[in-house]
Amino acid sequence: MLPRLVCISDYEQHVRSVLQKSVYDYYRSGANDQETLADNIQAFSRWKLYPRMLRNVADIDLSTSVLGQRVSMPICVGATAMQCMAHVDGELATVRACQTMGTGMMLSSWATSSIEEVAEAGPEALRWMQLYIYKDREISRQIVKRAEKQGYKAIFVTVDTPYLGNRIDDVRNRFKLPPQLRMKNFETNDLAFSPKGNFGDNSGLAEYVAQAIDPSLSWDDITWLRRLTSLPIVVKGILRGDDAKEAVKHGVDGILVSNHGARQLDGVPATIDVLPEIVEAVEGKVEVFLDGGVRKGTDVLKALALGAKAVFVGRPIIWGLAFQGEKGVQDVLEILKEEFRLAMALSGCQNVKVIDKTLVRKNPLAVSKI
C-alpha cells in the first residue's frame with residue numbers, strides 16, 4: 001500500500017528512498033555549501049502575513065493570467081531537466097498533469113522528452129520553452145523555431161549559467177545520465193548528453209555546459225533573440241534591480257526572479273528577499289515571476305503580495321513525479337492549490353487581484369543567513 005502523503009515535505013522524504021542516490025542528489029542538491037538552497041526555503045518565514053478580517057471569502061477565485069494566457073492558479077511548473085530519471089514517462093506525465101490542472105509548464109531544453117513529444121502529450125496544455133544560448137547559435141535558433149511550430153507560448157531564456165555551478169554531490173557521484181536516456185531535443189551524442197559521449201570523470205553536466213553553452217552571453221544576445229521570435233521573452237535568473245531595468249530596455253516581456261534553485265552561485269540571496277527590488281525596478285512595465293523555495297500555499301501568497309504575477313515550482317514536481325507519475329504531479333499541484341486557496345481565504349482575499357503588499361511585512365527580528 002502506498003503511503004499517504006499530505007504535504008510537499010512528505011513527498012521529498014518518501015522519494016529519497018525510492019530514487020537512485022545519484023539521481024536524488026542531482027535533483028535535490030545546490031551549489032557548494034548549499035547556503036542559498038536552505039535560505040530559499042527559510043526566507044519565506046522571515047515574511048509575516050497580516051490578514052484582513054471580516055471579508056466575504058465564501059467563494060475564492062484563484063485564476064490569473066501569465067503573459068496574456070489564462071491559468072487556473074498562479075502556480076506553474078518550472079523547467080526541470082531530465083525528468084525521465086524520476087519516472088519513465090518524465091515530461092510527458094508532467095505536461096498531462098498540467099493540462100488537467102489548467103496551469104502552465106515550462107519545458108527544459110535539457111528534457112528527456114522532445115519538444116514535439118511534449119506538445120503531442122499535452123496538446124491543450126499551456127506550454128513555454130526554456131532556452132540556453134549555445135556556442136552554436138543555430139542550435140538555440142532551432143529550439144526556438146521548433147517551439148514556435150509546436151504552439152509553445154513563450155521563451156524563458158536562462159541567463160545565469162555561463163558555466164555550471166559547483167554542485168558537489170554531482171562531482172562526488174560523477175553524475176551522468178543513465179544509459180537508456182538522452183536529452184531528446186538534440187541529435188548528436190555530445191549535444192544530447194548521451195552516455196556514449198565523453199564528459200569526464202567528475203560532474204558530466206558541468207563538462208557538458210563547458211563544451212556547449214556560451215559563456216560570452218551578453219545583452220546583445222537578448223537583442224538577437226528578440227529579433228528571432230515574436231513570442232514573449234522572459235529572462236530567467238535576474239537578481240538585481242539594475243539588471244531588471246536593462247532587461248526591460250531590451251524589450252523582454254517578463255522577468256523570472258531566480259537563483260536557479262540555488263544550483264549556480266552559492267551565497268546569493270533567497271529569491272523572495274530580492275523580489276521587491278525587482279518589482280520596484282521594472283515599474284509595472286513587464287510581468288515578474290518567482291521561483292525558488294516555494295513549498296507551501298502561504299509561500300505563494302507571500303510572493304504574490306510582494307509583486308510576483310505567478311510562481312514556478314520545480315523540485316516538488318519531481319517528487320510527485322517520482323512517487324506516482326502523472327497522478328503524483330497532479331496531486332502535488334492540488335496540494336499547493338488547496339493550501340493557497342486556504343491561505344487566501346484566511347487572509348481575506350477573494351481573488352488574486354486583491355493580494356497586495358499590505359498583507360506582508362518582513363520580521364524586523366529576522367536576520368538572513370546570507
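Glycine residues also receive a Cβ, built from the backbone N, Cα and C atoms like all the rest.
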What residue among K145, K184, K296 has an entry for N6-succinyllysine in Swiss-Prot? K184
Which of Y26, Y50, Y152 shares the glyoxylate site with Y132, R167, H260, R263 in Swiss-Prot? The record says Y26
Those binding-site residues listed as A79, A81, and which of them has the most Cβ atoms within 10 Å of its own Cβ: A79
Let me know the model's mean pLDDT on the domain 'FMN hydroxy acid dehydrogenase' (1-365). 98
Neighbourhood of H260 (glyoxylate binding site), C-beta criterion under 8 angstroms, separation at least six: T158, D160, T161, G165, G237
Within 10 Å of the Cβ of R167 (glyoxylate binding site), how many other Cβ atoms can be counted across all chains shown? 24
DSSP three-state assignment for D291 (FMN binding site): strand
